[in-house]
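J.: Have a look at this one.
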């Protein structure tokens with residue numbers, strides 16, 4: 001358990017470093033483009049350049065991590081069959097539908113306290129209006145996130161068991177997004193992507209992540225009611241698949257004392273507490289008064 005605690009602490013520190021460097025890169029680029037190049041905040045945001053520099057600095061911070069750690073050696077060279085592919089697609093659509101329902105419930109609850117999540121909803125569903133933002137959202141972000149979360153983090157955790165590796169890497173992935181809407185969505189998606197990485201290799205996780213972001217970009221521009229109805233129906237089918245898989249395959253064995261201990265150790269250590277506080281502050285600070 002001592003080795004596990006040490007390894008998990010290192011991962012939390014690395015994630016904190018990665019997040020801070022990304023934020024620093026974004027802020028630096030925005031200041032330069034706004035103050036010295038005379039571009040408006042809208043132009044700066046739409047260009048995508050702040051995120052490019054943010055990713056560059058964040059990945060530069062992981063330069064001491066060798067490539068093998070980032071690439072998460074696959075446990076299998078097999079490819080998923082068509083049934084698995086269809087099931088995973090439906091599950092992702094189901095998660096998207098559940099996230100939409102969750103956002104409405106959360107907005108209603110916060111409204112009672114004169115708070116809103118409109119800014120966070122817009123941030124989580126914003127459509128790319130330039131090629132720069134499209135390149136970041138559809139290609140660069142999913143690629144680097146898979147290298148970090150399913151490659152480096154999941155790759156280092158899998159020696160302690162699949163349940164711990166999947167759960168903790170997905171939890172970190174959700175927190176990284178620091179958004180009241182995106183955090184639970186990213187956690188759920190992280191479980192799916194983690195399963196794909198462990199079962200079929202990192203490439204399949206990257207493919208699904210790219211596909212999910214591309215599909216979101218496309219659906220954000222769809223106004224045809226027929227396609228929206230098809231998407232909603234597929235989402236409902238996806239929820240049914242999630243329930244079925246949850247009952248059949250993903251029952252948590254509460255009698256596993258070691259699993260409980262690992263979960264406590266994973267969250268109750270200095271870097272984890274610092275990162276949780278950082279994420280909580282960011283999410284709360286982003287709420288808007290009504």
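Each residue, glycine too, has its Cβ placed from N, Cα and C.
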J.: When TrEMBL marks a stretch as transmembrane segment, which of 12-32, 117-137 is it?
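T.: Based on what TrEMBL states, transmembrane segment spans 12-32.
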J.: Between 164-184, 227-247, which stretch does TrEMBL give the note transmembrane segment?
T.: 227-247
J.: Would the transmembrane segment (267-284) and the transmembrane segment (12-32) count as touching if the test is at least 3 Cβ pairs under 8 Å, pairs 6 or more apart?
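T.: In this chain the transmembrane segment (267-284) contacts the transmembrane segment (12-32) - 3 or more Cβ pairs sit under 8 Å.
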J.: With Cβ-Cβ distances below 8 Å as the criterion, list the same-chain residues six or more beyond the ends of the transmembrane segment (227-247) that contact it, or say none.
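T.: Contacts of the transmembrane segment (227-247) (Cβ under 8 Å, skipping residues fewer than 6 from its ends): 87, 90-98, 219.
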